[in-house]
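I have placed the structure first, in the form of structure tokens, so that the comments after it can refer back to it.
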Amino acid sequence: MSAGSNQKFKMLSVRAPFRVPAHAVAPSNPCATPSACTRSSVCSKSSSLMGTAVQSGPHENSMSQQLPQGHGKSLHPVRAGLRDLVPDPLNLLHHKKDQVQVEGVMLISNRTVLDFDNPVASLVDKNVDLLGLGKIQFQLVSEDLDKNGKPKLTEAAVVENYALSNISPLAGQKKYRINFQVDPDFGKIGAVVVRNNHLNEFFLHSLCLKLDGGEVVDFFCNSWVNPESYELQFKGIRGINYTPLPDRVFFLNKARLPEDTPPGLKGYREEDLKNLRGNGKGMRVFSDRIYDYDVYNDLGRPESFHPVMRPVLGGDNLPYPRRCRTGRGHSKTKNPARPSDPPSEKEMGSEGIIALGPLVGLMDFYVPCDEFFGGEKTSAFLAVGLKSVAHSIVPILKDLFTGDRTAHFDSIQDFKDLYAKGVKLDTSQEAKDGPLVFVDSLCNAAGDDKRILKFPVPQVFANSDFAWNEDEELGRQTLAGLNPVVIQALTQYPPKSTMNLPEDVYGPNSVLTDEQILPYLEGLSVHEAIDAKKLFIIDYHDPFAVYLPKILKLGDKKKGYAPRAIFFYNKEGAMMPIAIELSKPEGSTFKHTVYTAPLRKGDRNPYWDLAKAHFSSIDFGYHELISHWLRTHAVMEPFVIATRRQLSTMHPIYSLLDPCFKNTMMINAAARVALINATGIIELFFLPGEYSMEMSAVMYGLTWTFEKQALPNDLVSRGMAVPDETQKAGVKLVIDDYPFAEDGLDLWVALHDWITEYVNIAYKSDEAVRGDKELQAWWNEIVTVGHADIKTGWPKADSRASLVDICCTIHWIAGPHHAAVNFGQYSYAGFMPNKPSTCLRWIPEEGTAEAQELEQDPFLFLLKTVATEIIALPIMTTVELLAQHGTDEEYLGDRNELWTSDPQVQQAFKKHSERIEALQSEFEKRNSDSTKRNRSGPAKVPYTLLYPKSGPGLTGRGVPNSISI
């Protein structure tokens with residue numbers, strides 16, 4: 001492109017559309033500076049122009065970050081498809097003397113919204129390309145340096161016939177040709193440099209080169225490539241420290257440790273990581289690919305007319321994992337309740353950094369651009385839907401019930417009618433054309449009238465009207481339900497305070513007695529039952545006791561206790577709840593009440609049923625805040641950030657962990673503006689209200705360590721397993737029928753064996769692990785920055801064995817743990833009497849008017865306690881959305897076949913994939929075993945949550961590689 005045309009191009013300042021790529025602009029001379037690179041992979045044999053293939057990830061040289069993993073198999077063509085596009089034999093067109101022409105084919109997508117191309121962007125870019133005002137340029141990079149010690153690149157080649165390509169209304173991959181002229185002494189191809197001289201970003205899926213002799217080199221890039229024009233858009237905007245970066249660079253998929261980087265690529269590797277880290281200054285914009293850390297200072301609304309403040313999470317006062325920094329300005333409004341807190345961040349959109357186009361207002365939060373990719377029904381798009389539910393559907397539902405905000409369900413038939421008929425939300429045309437259609441596209445609402453919000457029948461209610469309320473079903477759900485990660489073996493009775501609460505404030509530790517539970521122990525004494533591993537406990541008493549006095553003063557009519565429940569594992573193999581202790585503030589201390597189960601099966605005790613409902617309400621809230629949000633979403637984000645910042649996309653551990661991070665930052669950012677924020681869904685509809693996130697911070701500081709997140713360690717720490725080196729994963733379960741643990745251990749062992757084989761291929765010795773500077777910087781940053789508030793429980797990354805354990809734990813958190821606590825949400829909480837988000841009435845004292853009301857119609861009293869329509873419907877809508885699988889989901893054992901070209905790694909992963917497939921069959925076999933009563937239970941809900949595979953939608957099964965929703 002001539003200087004004149006380049007100048008003309010730079011004068012075209014066009015506002016970037018919604019969801020653009022990372023940052024943007026290339027230097028005037030791409031050969032002068034190592035450029036940015038993202039995750040790429042290449043498959044091929046070896047040749048004078050190519051290196052052996054392995055995998056490579058987001059890259060380090062310029063502004064590349066690992067492309068978000070966000071791309072499922074459907075986004076990657078098969079090798080045969082690419083080969084067919086490259087002429088064979090290779091045609092040598094016009095070229096300089098002695099040069100060889102290498103012909104390539106690339107796959108590109110334009111920005112998408114609701115799975116449609118942006119027609120204006122496509123048209124503008126085609127005209128710019130046709131008029132010669134701007135082209136997409138590529139240069140190949142040699143592994144060798146030139147004679148002057150500088151990077152060796154081919155002359156720039158341009159994408160051919162871009163303006164003449166077909167425009168499809170559905171966003172998909174478009175194929176383009178490109179030709180490179182390569183000198184005979186060029187050496188092995190190691191990377192490709194890309195510059196976008198159009199006015200809009202594009203998503204580069206892959207580049208396929210066919211070399212002399214028929215050898216194929218595939219670059220799988222999976223990243224947004226931004227245009228130079230973005231420099232003009234942000235230049236001079238107050239608060240934005242926008243720095244143009246070098247051209248993008250994509251590496252072959254040959255995994256290399258830092259010391260093995262070829263000379264011609266070393267500078268690119270180092271520069272790319274530098275650019276991904278940024279300089280910690282300025283406000284991030286939607287096209288950035290910069291990763292940095294910040295505390296949770298963005299949950300309140302300090303700039304609103306009536307400021308809503310929330311404490312800052314992260315630091316000495318309230319420890320918490322770090323999140324991705326946005327760089328938005330700080331509010332001058334101080335939190336009067338916590339004057340020592342650092343300032344809160346201004347709200348999303350308050351400084352103009354919002355999405356443009358059809359989703360304006362729905363996607364006004366920052367995540368590095370490569371962490372987002374997808375169209376309708378993909379995981380990333382479901383994340384955007386979360387905000388739509390919170391900001392559009394919930395207000396509509398509130399307005400619907402304005403006349404009677406206490407309207408409750410009167411009978412089981414009311415729930416049946418709700419599932420059969422749905423809820424008509426609005427009759428206005430605005431609602432018909434607005435957010436309801438958006439949510440319908442996510443949740444598959446049936447029928448032509450999108451103003452009717454419909455719900456499928458949850459599994460726990462599908463086969464029986466009342467099985468959910470059986471004692472055995474409550475116990476079974478502690479082992480195979482929504483929250484199977486909290487039950488513990490009882491070690492002392494009565495239970496002691498877990499937080500050493502003073503008795504003069506909170507009353508006695510417990511008022512449970514031997515006499516209360518002895519009738520249920522099948523002739524054993526309490527001591528004998530404990531020794532026989534027959535008694536178990538779920539204890540939420542202390543953390544809720546500390547906060548209950550404040551929670552109950554919020555004035556939102558929520559009622560709740562600080563509970564603990566005792567369970568007995570009987571001879572029939574059923575986990576039976578036998579006693580529930582509930583505590584609440586009364587005067588200057590706490591009142592403790594114990595409720596016990598009916599002794600004869602089939603008997604009903606209305607007070608016991610209410611106690612179970614209150615316990616289930618706290619259990620559901622703890623599940624959402626701790627088991628789900630904290631232990632998967634929140635703790636994983638620092639691992640994503642550190643991996644992008646410290647490990648090159650060429651690094652073997654980057655390639656190993658990359659699938660664990662798909663869409664995690666996207667869904668977390670959405671949660672911070674819709675789910676866990678001030679007056680968000682969690683605060684509105686769960687008991688802790690505005691103290692929800694503060695409580696999760698307390699539990700993080702008290703209970704979370706990295707080592708305990710490994711499943712075998714977790715089970716042992718809860719007394720649910722004992723060490724036994726003769727058993728799988730080195731532990732033996734203390735009860736035979738614990739579906740979550742039984743299936744989970746099989747998945748853990750499969751992951752651990754695969755990762756062991758991979759790490760031993762990448763590292764030849766423990767010394768190589770200790771000497772890997774990128775790896776050590778990565779682990780140090782996770783421990784000292786991303787999780788800086790947790791000082792204990794961190795292993796050292798000083799051997800292959802320790803690295804295997806670290807990587808397997810990350811895989812476990814992102815995959816099976818998250819799947820176990822997420823994808824059953826609608827199955828169990830879509831029917832609110834089973835898992836109420838809060839309760840609205842106290843358990844009455846005997847002899848009172850409320851007690852008389854209870855005894856006259858126990859079930860109606862229960863329904864009035866657990867659910868009003870205004871609470872039930874938003875929760876049902878939210879958990880249905882959160883339990884969806886996207887169409888782009890990648891499950892355990894799934895990776896694009898071209899993610900690596902290393903034959904050893906390919907063979908090891910093939911073996912791992914086959915093992916995962918076999919486990920699915922094994923789990924199905926277990927579910928058909930009638931002797932395993934916890935596999936289905938009274939409600940007849942088979943334990944499918946750890947089945948590795950699933951289709952899209954609401955399936956109640958499937959273990960994705962990542963926390964993608």
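Each Cβ is built from the backbone N, Cα and C atoms, and glycine gets one as well.
As stated in TrEMBL, the feature region 'Disordered' covers range 49-74 out of the listed 49-74, 491-516. Below 8 angstroms of C-beta separation, residues 573, 737, 739, 742-743, 746, 942-944, 946-947 of the same chain, each at least six residues beyond the ends of the compositional bias 'Basic and acidic residues' (921-932), sit close to that stretch. DSSP labels the residues of the compositional bias 'Basic residues' (322-335) in these numbers: 0 helix, 3 strand, 11 coil. Counting residues per DSSP class in helix, strand and coil order gives 10 helix, 0 strand, 18 coil for the region 'Disordered' (921-948). Across the domain 'Lipoxygenase' (255-965), mean pLDDT in this model comes to 90.
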